[in-house]
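Per TrEMBL, the features are:
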ACT_SITE  Cys321  active site
ACT_SITE  His380  active site
ACT_SITE  Asp403  active site
BINDING   Asn443, Asp445, Glu492, Glu497  Ca(2+) binding site
COMPBIAS  1-12  compositional bias 'Basic and acidic residues'
DOMAIN    313-406  domain 'Transglutaminase-like'
REGION    1-30  region 'Disordered'
Amino acid sequence: MSETTRTNEENKPPLNGRRAIPPNYSNDEENEVPEMEAFGLIPRGFNPRDYLRVVDIYMFKEPQEINKQEHHTDKYYNPRLIVRRGQAFQIQIDFNRPYKPETDQFWLEFLMGRYPQQNKGTYIPILVGNVLKPGQWGAKIIHRENNSVRLSIMSSTSCIIGKFRLYVAVLTPFGILRTRRNSATDTYILFNPWCQLDAVYLDDEKEREEYVLNDVGIVFHGSVEDIKSRSWSYGQFEENILDACLFLMDKAELELSGRGNPIKICRVASAVINSRDDNGVIAGSWNNTYDYGVAPSAWTGSVDILLEYYSSKQPVRYGQCWVFAGVFNTFLRCLGIPARLITNYSSAHDNNANLRLDFFLDDEGKVDTRLTKDSVWNYHCWNEAWMTRPDLPVGFGGWQVVDGTPQETSDGMYRCGPASVQAIKHGHVCFQFDAPFVYAEVNGDIFYTRMEKNGTQVVENIDTTRIGQLIVTKKVGSDEMMDITEEYKFREGSDEERLALETAVMYGVKKQSIQDTTFQPQTDVDMDFQAQRVVLGNDFRVTITFRNKSRNSYTATTYLSGNIVFYTGVTKSEFKKHSFSAKLEPSSSSSFDIVIKSSEYMGDLLEQASFHFFVTARINETGKILAVQKAVMLEVPTLRIKTKGELVAGKETSVIVEFTNPLKQTLENVMLRLEGPGLLRTIKKQFGRIPMNSTLTWEVKFTPMRPGLRRLIASLNSDALRHVYGELNVQVQKP
């Protein structure tokens, strides 16, 4: 017995009075299956060789053969047979003599885990019959020739997902003869979005190609005023990724019998993707120090993260929301659950789920960072997975929100979802799982509240439109952005929106109505704030514009506070304070410019290169306060990628990555990464330093593995500059 199985034995809880067998949640562990299972005493002279005997089993498991072609699994870089449930596949059995249906009897057995049981779906005996029933296990002979039979096998549409061991059993008068354990006949069974009876069935071929088979995607980030995008390599077909994804379910201790249910799989996966409370895949870090790990912005895809976790079994450092979402998307697509990565701009992180984010102002109208606990993330990424919801009333199937970023606990663990997008839109947040939390992320109001000296709170301003003002994903079949805000909420201010909100409140979402607060805004003056395009390392200008629509003259005492923030909206430091008095003439507009110098912000800059400006103005004549806040993203330089000559599968070629340092300082500890699914495994290179204005050139030789349209993705990371990306689509020719 090997060392690992021995320690496993010791760690196993002793059997208790409640269970006949220990819990069965490892897809990897096996039981011993006897080759000869005798019915009683075996008479002398019994020779198993006299009976029908299996000589060989042929699985048709090559990418170009019928099974992987028909099951859309030909892209998996895996030598075993991979099929999708609820759809027939073929195998051929060679016997020692011709098969005689009148007298010979054989059947197939699929087993999973250490304690296979028929009622748990982990032991599946399949008799050979004459017809295959849709969606049910069965087998029939479709061809007989010499000593061989070819079978068509149908799996159940609710079958467990994972790796099965295959045995062929032959009946003799004295016992059952089985084939030897042979890992070459192991069969992976996955979800099947092409099959109408499967819980993850998706009826549009273009969508299936995007949400199941596309192994690269786009992450939208930045802010709503300045949307940025970058590529992410999902790599769900790369070598060992399928095994790594199955291992995640073992790690999450999901019973094997529950693994046919996409709802359960999504729920446990949303917990195991992050390392909080279960030593899951990725350790999050939002504090700009990434010792002993990789900065979240440096990753270019999921493959390195999943493979590192699969081999070390320890959380991989470090991730932020798009990393959790990228890896989760790989997991879902790899198992065959249609999935997409979503970005919600101005996402509310509300610490007490009351649909109200409080920003406290001091006497002068400046934001009080001590009292303000809620934050608005510039953006937040999560995933949607496509499935039916038989556990909910009709109409709530389809896209479900799942989120692997650890934000709040749900049933005692850091996880979120699946929550029906349809239920969130209509305010039916009573339906599991975590719908109120997601509803609050896309539907909060921002209250600007001033604390009086005696402790009373005065609401000075309410912003009802900022939170969740844009929700996007990658368009099917292109790298464009698709606006899906309408799938999460009705149009701002419409009757339907009010009704959805009232429904959500009825189902327990806490909401303080605006009527409860004494709040009369200043309606006859508008204030707007604009920033010019900002290139990292340069000075830039911001403009505050007042429009006085009244016949009165006003003076406005105006404060501008510029903060360097994490993309989660949490302030690191205030780098600019500016106040002035603005004279507002009747029925006219006046603009005021403020210059921000690079020397004011470069020292404290964080990796996402994002600023957050608060502007508050008090109209002295009425005492009313106007408030506006805006995220401003810096333009970060990009990497240039080019290839030499044309690319042919199996033929060596080279790619060149170039970068010019635009900053007025030397970049230290520069690390470059390059990867491309189907082209090359991730390559990393450390460069000591890049002086200002100098150009770095890196040439990489590689051999593209597969023909077709592929994408190269590169990132650069250094102490002073992160989130630098480049990408290139390349066409790889057939040899």
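Here the Cβ of each residue, glycine as well, is placed from N, Cα and C on the backbone.
Where the annotation comes from TrEMBL, it is an automatic prediction and has not been curated.
What you see is a predicted model, and the numbers here were worked out from it, not measured in a lab.
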Next item on the list: Find, among the recorded positions listed as Asp403, Asp445, Glu492, Glu497, the one whose Cβ has the highest number of other Cβ atoms within 10 Å in the structure shown.
Entry: Asp403
Check: What is the Cβ neighbour count of Asn443 (Ca(2+) binding site) at a 10 Å cut-off, with all protein chains included?
Finding: 23
Item checked: Spatial neighbours of Cys321 (active site) among the binding-site residues Asn443, Asp445, Glu492, Glu497 [C-alpha, 10 Å] -> none
Item checked: Number of other Cβ atoms within 10 Å of the Cβ of His380 (active site) across all protein chains -> 28
Note to self: Other residues near the Ca(2+) site, CB within 8 A of the CB centroid of Asn443, Asp445, Glu492, Glu497?
What the structure shows: Thr464, Thr465, Ile467, Gly468, Lys489, Gly493, Leu501
Checklist line | Alpha-carbon distance [His380 (active site); Asp445 (Ca(2+) binding site)] in Å | finding: 17
Margin query: In whole Å, how far does the CA atom of Glu497 (Ca(2+) binding site) lie from that of His380 (active site)?
Written below: 22
Note to self: Nearest of the recorded positions to His380 (active site) by CA-CA distance, picking from Asp403, Asn443, Glu492?
What the structure shows: Asp403
Margin query: Just to verify a number: CA distance, Asp403 (active site) to Glu492 (Ca(2+) binding site), in angstrom, no decimals.
Written below: 25
Margin query: Looking at the domain 'Transglutaminase-like' (313-406) alone, can you tell me the average pLDDT?
Written below: 90
Next item on the list: Run through the Cβ atoms and count how many others sit within 10 Å of the one on Cys321 (active site).
Entry: 27
